Amino acid sequence: MSFNTIIDWNSCTAEQQRQLLMRPAISTSESITRTVNDILDNVKARGDEALREYSAKFDKTTVTALTVSAEEIAAASERLSDELKQAMAVAVKNIETFHTAQKLPPVDVETQPGVRCQQVTRPVASVGLYIPGGSAPLFSTVLMLATPARIAGCKKVVLCSPPPIADEILYAAQLCGVQDVFNVGGAQAIAALAFGTESVPKVDKIFGPGNAFVTEAKRQVSQRLDGAAIDMPAGPSEVLVIADSGATPDFVASDLLSQAEHGPDSQVILLTPAADMARRVAEAVERQLAELPRAETARQALSASRLIVTKDLAQCVEISNQYGPEHLIIQTRNARVLVDGITSAGSVFLGDWSPESAGDYASGTNHVLPTYGYTATCSSLGLADFQKRMTVQELSKEGFSALASTIETLAAAERLTAHKNAVTLRVNALKEQA
């Protein structure tokens with residue numbers, strides 16, 4: 001089905017509607033699973049030696065030093081323009097402001113007299129950030145990951161990226177307080193972060209995007225007892241736009257294309273109650289597509305994308321919630337009034353002047369978001385992902401005495417005798433003291 005095909009939602013059967021909201025299949029195979037498993041085992045067993053072999057095999061690079069030196073990072077900084085450095089500084093300031101505001105106050109309550117319960121937060125001690133290489137270095141992801149890690153108070157923050165690492169990534173790492181950067185990419189980088197090598201330290205949690213091999217490696221290490229936790233499940237990028245007749249077609253088209261250019265497996269969807277708006281957006285997409293350097297990539301993504309006409313805006317919201325997009329853009333009159341009805345989305349952009357690009361780079365929200373339907377259960381990345389919650393309880397003699405019979409009754413009902421005894425022994429001790 002061509003992207004230019006305008007679909008009337010209410011003329012479709014329930015099965016057709018379901019098909020319209022299906023996402024492109026994620027490329028997985030037994031061969032990827034086996035290959036990644038072998039890489040993990042090899043790196044775990046042979047450490048740095050295995051990392052160098054994989055760099056030669058996959059990156060066609062001879063790596064003499066796995067650790068990037070301070071001199072290399074300083075030289076990278078010198079090669080960047082002041083304009084780019086200033087732009088990064090503005091982005092970091094906004095990310096800092098938004099994520100600092102996410103700090104949770106401690107909870108400290110008396111659930112009943114003499115029974116004190118608290119909730120406190122502690123940072124994840126060590127985190128590893130993975131940043132892909134390629135022709136378009138994702139240095140903005142360094143800002144999005146390293147900044148909240150620093151605010152959370154993570155003691156160890158390290159970064160891996162395939163060699164040669166772009167100057168922008170090295171500078172962003174320095175700007176955000178990353179302590180060590182390593183010349184290693186792919187599934188082998190995930191293995192190094194999960195298990196540790198002579199050069200790369202083992203970390204508690206791994207963050208960052210990657211290809212099918214990186215994604216599979218993260219999945220596997222998160223399921224190994226000696227592995228590491230990961231940020232969230234990964235999938236192709238996506239955006240859904242809700243637009244009414246007052247939206248600007250060129251703005252809508254540019255937002256759709258900014259997501260489509262990410263990759264051929266990206267998906268973009270327009271929902272509008274105005275058929276004429278759908279037609280005008282399709283025309284604007286074609287005009288803008290012709291000017292894009294990544295036009296072929298975007299065109300492939302558009303082949304699995306949709307222009308859907310609905311009954312009204314309420315139905316747009318209903319369909320959007322059913323789909324649960326990574327990015328949701330609402331370009332309608334009084335866009336904010338629709339927010340309360342949104343139940344599943346990674347990040348929401350309201351009005352004509354809130355392009356997805358703002359959140360991707362510099363508004364302050366995080367661009368690491370759940371995708372592929374995971375918005376039903378997962379949240380956008382935030383400060384909490386770099387922290388742990390811990391509860392504390394303290395019972396006075398009086399508080400314990402008042403609660404003891406309740407605990408004994410519940411423990412006996414579950415036939416957990418030792419649990420009951422732990423209370424009964426204390427009750428008897430109090431009686432002896434009386």
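Yeah, the Cβs are placed from backbone N, Cα and C, and that goes for glycine too.
Substrate binds Gln259, His262, His327, Asp360, Glu414, His419 as Swiss-Prot records it, and from the list Ser222, Ser237, Ser303 the residue named for this site is Ser237. Using a 10 Å radius centred on the Cβ of Asn211 (NAD(+) binding site) and all shown protein chains, the other Cβ atoms total 17. Maximum C-alpha to C-alpha distance over the listed substrate-binding residues Ser237, Gln259, His262, His327, Asp360, Glu414, His419 is 55 Å.
Across Tyr130, Gln188, Asn211, which the record gives as binding NAD(+), the greatest C-alpha separation is 12 Å. The Cβ centroid of Tyr130, Gln188, Asn211 marks the NAD(+) site; residues of that chain outside this set whose Cβ lies within 8 Å of it are Pro132, Cys160, Pro162, Gly185, Gly186, Ala187, Ala189, Ile190, Gly210, Phe213, Val214, Ala217, given in sequence order. In this structure, the recorded positions under consideration are His262, His327, His419, and the one with the smallest number of other Cβ atoms within 10 Å of its Cβ is His419.
Cα proximity to Gln259 (substrate binding site) (within 10 Å) is found for the following recorded positions from Tyr130, Gln188, His327: His327.
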